[in-house]
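Student: I'd like to ask you about the structure that follows.
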Amino acid sequence: MSTLAQPPTYDATTTADTQLTPYLQLSHLLSLTWLAYPILSLIFVAFRLQLSMTSLENSILSVKSDILSSCKAAEHAATAAASMPRYMALATNEQFADAVNGSLHAARVALVVSLTAMEAIINFIIDTYRSTFFCFLELVVTGGLAVLISAVQGINTVLQSVTGSLRTSIQSDIASANSVIQNAINAINKVNPFGNINAPQIAVPSLDALQNVTLPASFQDALTSLNASIPTVADLKGALESIIDTPFELLKTDINDTFTGLSFNSSILPVPEQNRLSFCNDVDLSVIDEIGRDFIKIAKIGVVIIILLALLLIGFNCLLTWYKWRCMKRHLEYTRQAWNTDPTMIHTKTSSSSPPQVILTDHNLMILHANSAHPLITRIMNQLSARLRFSPSHHTNLRWFLHYIFHAPALACFLIGFFGLLSVEIQLLAMGPIVHKFEDSAAAAVSDFSNVIAASINDSMFNQSALYANDINSRVDVIQSTINNGVFGWVNSTTFTLNATINAFYTDIQKAVSTVFNGTVLESPANDFIKCFIGGKVDAIENALTFLHDNLQIDIPRVNDSILVLSPASVHEATAPIAAAAIGGGPNDKEGLIGRLVKAYTATLKKERVMFGLFLALWGIVVLMGVCILIWNTYGQALLKKRRRRRYELEQRSGINGIVVPFRSGVESENEKGAVLDLPSFTPLPSPRRSAFKPFWGSRSNSPMGNQPSGSAESFAIQKEEWDDFPPKPIESTVKKPSRLMAIGRKAMGKERVKADGGEESTSSSSEKSPSDEGIRSTTWVGKFTTLWTKKEPVPQSSEFWDQPSRGRPKLQINVHRDSADAGPNLYSSHTMQSRWSASPDATQTSWGKVMSPSKKTSTTTTATFQTPFGYSTRKSGVPIHDLDQSYDSLSSKSGAPASLPLPLYHGFSGSQSRPSARAEATTTERKDTSPPPPFAPYRTNKLPNPPYDEQRRTSTLRVMNPTFKSSDHTVAMPASRLLTTMDARHSSAINPFITPFDDEHRVTIDNNPVYVRQSIPTNPFGVAL
């Protein structure tokens, strides 16, 4: 092992010209208090919060920029939506032109067909009336003329017959008269004598005129000529049809000519211009600013709180550093007083200025270093152990576990992770109310933005639609005027023509009637009849033509000004996605840019939570490693040792040469064969077979120096099979008979009771509990709590062959220069007194009393003495330091006394050796002790004094260090139990296995001595915070 570099040496006369010291003083430590791990972790968390705040500000600016960019995109989208009239007009113009052209063509065809139908209807009506009238007129006129002609002819015939008969009658009457006259004359003549008288003759007129008497031939000729001159129906029908059809044909020709020139071309229809909207200047971004301001406010509040907390921690750390410095100074004083008052510390000088000559082992220095490095853990564990009455193994394991998990780097990971997670979780919890607060604001902003976009789109659409409607209506007016003036222009002339035609027709009929009945009695009735029959119809036709003249005009519907304007529902449907894309998104308008802002900050916090969680996970790994190490050292190694022991026992079941040695009566045995066979002392044992777990070369058990315990309380506890075995209970060597020396087992020693005079009384009750067990479970809650930390102590088993000490065969030392009275205990190695400031046991040596077994069983406990320099006062070994008053009353200067029990040499041989009990053997095996031969004791003329009464035993968790002795003629008497460094619980004293010289219970008070004057402080010098 390489030696460390030694510090430089200087001349004693060399003086240092600096006021600094090789170590840090209080002012220097106070200047470094701001570098404590909690403060550094808080500073780290504050920097993370500051970075998160900066990231949040950048996110807010990015979100606002994204909103403006989205708004520009929304403007383009809204422009496209507002330009829908243009695209609608492009398609509407084509459809409108096709509709207008189709309408004009249909109107032309309808008009032509209507005129044709009207013409046919009029002709039919006129023909109906004409046919009826002419048929009736022909009947009346022709019949009347025929009657008149027949009447004239009859009258002429009557007149001719009357006039002919009248002429004949006249002529016959005249002829008769002439005849009568003639006769008469003849008769007269006859009588007359006168002669004949000549009868006068009346001349008979010819009366031919009467024979030709007729009506005037002109009247008959007039009637005959009238009857011959009445026109026929076919001629009148053709004339009327030609009169009626002429305007209609002209109208049809005019309509066709007019509609041929009318055509609605879509290329000449107006198209609205594309209107660009601009509404981003009206976007309200106050919601983003407010939510960002609230988030930043939370981060700033967190930073301020962390800074204030760090400042408070700096102040507390300054106080803590001052307190630690004060406790350290007191601790140094405690250490000096502990060394000066410890009876095992043999000093050569009485002055307090001279340092005591003490051997500081590595283990003790490590204990001091651990206590000074983690004073808070030490203080807490001492108080917990005192309150909960932990066993030594529990105390050691838990203290080691706390040292392990709160190692400086692990503690830094824990603090960074804890404070970081705390800050992240607080921010995440604070984000919920903030987000809920701005949900309504975001929804209102989206609604307002939608209204702004809708209003802009509506204004643009109204303007474009009005311009488009005006242009379309002007073109419709031109077409309408063209149709009304061109197509229906005939109404102005045709109505007059029709009226003139009908009036002419009516006039002709009247003329015809007048002509026919001119001067006759039928003229007036015929005129009345014609007026009644035809006049009303003619008047009706004139009224119809007048109505057509007044109402026959085309009125084409005009285009409404809002023809290209969408309904409010359609505008909202078109603008809502645009507004949602600009400000809010998702089904509820909560996942837009505002939602993305919240999600981005939340994602940043979650990433930080993962980072801080990794720090805590690293600390958790350390905790898990510590738990695994505890489990291995507590259970794993014990199980492995048991497994190896069982394997070895199976190999040694057959004994030596097949000879099985029976058990001794009264001696406990753990298995059938026993851990150690009852053989003579120097009987050679068979060599064990080579095992994969143990080598044949030297180990701790077979090394010349014996079993040396490890340098720490942890490694010493590992050597024990159970937790409750640390510190080990005392092994007392009691001489029962002069011929035998039987070691009392560990459990038997645990049952000892101390009488009033300091003697021991062993109990035989196996069920009696030790005082420590009774104290541990004195209360219910403490018993329940400690049950979790303790386990049932198994029956100790024998160790392996490699670790078994040769306690049954003591290594003898024969001194040929001195008598047997001086061959006492090894004062330098095996029976040094126990130091009360050491924290763990040193190498355990078997008492020389076990080597030199007395033959009488009823003898008292063997004691050993050694000397101290003259002038040094020693205290009673059984009195603990906390029992000292303000003066060293219990310390007394004693001179040497002759040994009360000289032991002969032959007691060490096998013939008189008493075999120790199996329980004691197992206990010794567990400690891995050896019994090296006692070294030569220094020559003394005085004998060992009688041991003082053990008035009050002092227990210690530490073993004795080897002090440095100077030549002196004085010795200090110590009991054997004190030399064996046991920790058995005595009924006469309260046991605290965790007491050290630096605890409050062991504070030392010195009276009236300026060298040792100090105040007794009721605090633990190492019980301070980290």
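Backbone N, Cα and C atoms are what each Cβ position is placed from, and that goes for glycine too.
From Swiss-Prot, for reference:
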- 1-26: topological domain 'Extracellular' (TOPO_DOM)
- 27-47: transmembrane segment (TRANSMEM)
- 48-108: topological domain 'Cytoplasmic' (TOPO_DOM)
- 109-129: transmembrane segment (TRANSMEM)
- 130-300: topological domain 'Extracellular' (TOPO_DOM)
- Asn212: N-linked glycosylation site (CARBOHYD)
- Asn227: N-linked glycosylation site (CARBOHYD)
- Asn256: N-linked glycosylation site (CARBOHYD)
- Asn265: N-linked glycosylation site (CARBOHYD)
- 301-321: transmembrane segment (TRANSMEM)
- 322-403: topological domain 'Cytoplasmic' (TOPO_DOM)
- 404-424: transmembrane segment (TRANSMEM)
- 425-611: topological domain 'Extracellular' (TOPO_DOM)
- Asn458: N-linked glycosylation site (CARBOHYD)
- Asn463: N-linked glycosylation site (CARBOHYD)
- Asn492: N-linked glycosylation site (CARBOHYD)
- Asn499: N-linked glycosylation site (CARBOHYD)
- Asn518: N-linked glycosylation site (CARBOHYD)
- Asn560: N-linked glycosylation site (CARBOHYD)
- 612-632: transmembrane segment (TRANSMEM)
- 633-1026: topological domain 'Cytoplasmic' (TOPO_DOM)
- 693-777: region 'Disordered' (REGION)
- 699-713: compositional bias 'Polar residues' (COMPBIAS)
- 749-758: compositional bias 'Basic and acidic residues' (COMPBIAS)
- 793-812: region 'Disordered' (REGION)
- 818-879: region 'Disordered' (REGION)
- 827-848: compositional bias 'Polar residues' (COMPBIAS)
- 854-870: compositional bias 'Low complexity' (COMPBIAS)
- 904-952: region 'Disordered' (REGION)
Student: Helix, strand or coil: which one is Asn560 (N-linked glycosylation site) in, per DSSP?
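Tutor: Coil, per DSSP.
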Student: What stretch, picked from 109-129, 301-321, 404-424, has the most CB pairs under 8 A with the transmembrane segment (612-632)?
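Tutor: Maximum Cβ contact count belongs to 404-424.
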Student: Using C-alpha atoms only, work out the spacing between Asn212 (N-linked glycosylation site) and Asn560 (N-linked glycosylation site) and round it to an integer in Å.
Tutor: 94
Student: I need the most crowded of these glycosylation sites: Asn256, Asn265. Count other C-beta atoms within 10 angstroms of each C-beta and give me the top one.
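Tutor: Per the Cβ count, the most surrounded site is Asn256.
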Student: Measuring Cα to Cα, how far is Asn265 (N-linked glycosylation site) from Asn256 (N-linked glycosylation site) in Å?
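Tutor: Distance (Cα to Cα, whole Å): 19 Å.
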Student: Measuring CA to CA, name the entry from the glycosylation sites Asn458, Asn463, Asn499, Asn560 that ends up nearest Asn256 (N-linked glycosylation site).
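Tutor: Checked the glycosylation sites Asn458, Asn463, Asn499, Asn560; minimum Cα distance to Asn256 (N-linked glycosylation site) goes to Asn499.
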Student: Go ahead and report the DSSP secondary structure tallies for the topological domain 'Cytoplasmic' (48-108): helix first, then strand, then coil.
Tutor: 60 helix, 0 strand, 1 coil
Student: Going by Cα-Cα distance, which of the glycosylation sites (Asn499, Asn518, Asn560) sits nearest to Asn463 (N-linked glycosylation site)?
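Tutor: If we rank Asn499, Asn518, Asn560 by Cα distance to Asn463 (N-linked glycosylation site), first place goes to Asn560.
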Student: Take the topological domain 'Cytoplasmic' (633-1026) and average the pLDDT across it for me.
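Tutor: Mean pLDDT, the topological domain 'Cytoplasmic' (633-1026): 45.
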Student: Please name the residue among the glycosylation sites Asn212, Asn458, Asn518, Asn560 whose C-beta has the most neighbouring C-beta atoms within 10 angstroms.
Tutor: Asn458
Student: Let's check the environment of Asn499 (N-linked glycosylation site): how many other CB atoms sit within 10 Å of its CB?
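Tutor: I get 16 for this one.
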Student: Sort the glycosylation sites Asn458, Asn518, Asn560 by C-alpha distance from Asn499 (N-linked glycosylation site) and give me just the closest.
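Tutor: Closest candidate to Asn499 (N-linked glycosylation site), judged by Cα separation, is Asn518.
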